[in-house]
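Peer 1: Could you have a look at this structure, given as structure tokens, before my questions?
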Amino acid sequence: MSTAGKVIKCKAAVLWELKKPFSIEEVEVAPPKAHEVRIKMVAVGICGTDDHVVSGTMVTPLPVILGHEAAGIVESVGEGVTTVKPGDKVIPLAIPQCGKCRICKNPESNYCLKNDVSNPQGTLQDGTSRFTCRRKPIHHFLGISTFSQYTVVDENAVAKIDAASPLEKVCLIGCGFSTGYGSAVNVAKVTPGSTCAVFGLGGVGLSAIMGCKAAGAARIIAVDINKDKFAKAKELGATECINPQDYKKPIQEVLKEMTDGGVDFSFEVIGRLDTMMASLLCCHEACGTSVIVGVPPDSQNLSMNPMLLLTGRTWKGAILGGFKSKECVPKLVADFMAKKFSLDALITHVLPFEKINEGFDLLHSGKSIRTILMF
């Protein structure tokens, strides 16, 4: 019996309060309006960005259904939808691609003006929610809210992918892999024979290492205080791994000594102000490029000496690794299917969706790289 055009009741993980566990609730998911798509979720990854909301370092309206790194199957579409149809395998896009705004028309950027990151409203693009729980509207997250068995997204925030793709793996292309890999190949534009430093060895940091290796870097130095992650980093391309706690001097000084004055490219993939500055300082003063990849704490500022840039350094950042989402995500899935890269090493745990809080515990303990929740 078709559910198209009807309200669907399903399970979702609702965050009612900051710093509290998720509550598995029955929610009502309204049908898609014009130019919207309702998706049955199959697999979703637990990303550090979701945890930033739980901890309060990233601000979004509450109560909310989080989740933004996922893959599923189209259940129904609203009027006027042309790019996907019921039954299609898809990846929801935390950064949409409307194709019409100034940013979408700029070949150098992917930060579509329809995004819900800069000034989060917690709604779809028409300003309303499709979720109801306990007779209350529930906010969306980044316009996609994938910690729910069903979700509704705008058409410009979903990409059709290869029908043969394994959703429990390619869901990582929705955020973590693309963000890290793209930061190296698109944003920094790592060059063959170069030296790189990657701060933070979670799923995104390891993906950045994969990107540095793919771009031909000769030396990739992985930096983390959790030595348990070093073996995986080396498996994926790191040539050396160092722990800042093993040194009495600042880690940027250690890296500069190791690399004859500084690395060519550095990546901060943690989201801490102190490591962002260390990442900048460790790249060569005359020609180094440092990329901010980790989501910084909300409403906190960095103070720095402009001379650090005047000498020739470049300091930049990007969302989703600089990939234009709707056109690039299907290409990345195609590359995965062609075995141009593997995602297996990033996935350490697979849990049923109902064990979402256990998945976040694994993240907090440093025991997981990526936990995939299966619906």
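Heads up, the Cβ atoms here are built off N, Cα and C, so glycines get one too.
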Peer 1: Among Cys47, Cys196, which residue does Swiss-Prot annotate as binding Zn(2+) 1 together with His68, Cys175?
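Peer 2: The candidate from Cys47, Cys196 that Swiss-Prot ties to Zn(2+) 1 along with His68, Cys175 is Cys47.
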Peer 1: Determine which residues of the same chain, besides Cys98, Cys101, Cys104, Cys112, have their CB within 8 A of the center of the CB atoms at the recorded Zn(2+) 2 site, and list them by sequence.
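Peer 2: Once Cys98, Cys101, Cys104, Cys112 are set aside, the remaining close residues are Pro96, Gln97, Gly99, Lys100, Arg102, Ile103, Lys105, Leu113, Lys114, Asn156.
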Peer 1: Let me know how many other Cβ atoms fall within 10 Å of the Cβ of Ser23 (phosphoserine).
Peer 2: 15
Peer 1: So which other residues, same chain and not among Cys47, His68, Cys175, have a Cβ within 8 Å of the centroid of the Cβ atoms at the Zn(2+) 1 site?
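Peer 2: My list of surrounding residues reads Gly45, Thr49, Asp50, Gly67, Glu69, Ala70, Ala94, Leu142, Gly174, Gly176.
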Peer 1: For Ile319 (NAD(+) binding site), what is the tally of other C-beta atoms lying within 10 angstroms of its C-beta?
Peer 2: 24
Peer 1: What is the nearest of the binding-site residues Cys47, Cys101, Leu201, Lys229 to Ser2 (N-acetylserine), using the Cα of each?
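Peer 2: Closest by Cα distance to Ser2 (N-acetylserine) among the binding-site residues Cys47, Cys101, Leu201, Lys229: Cys47.
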Peer 1: Any idea what the Cα distance is from Cys112 (Zn(2+) 2 binding site) over to Val204 (NAD(+) binding site), rounded to a whole Å?
Peer 2: 21
Peer 1: Enter the number of other CB atoms within 10 angstroms of the CB of Cys112 (Zn(2+) 2 binding site).
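Peer 2: Neighbour count, Cβ to Cβ under the 10 Å cut-off: 24.
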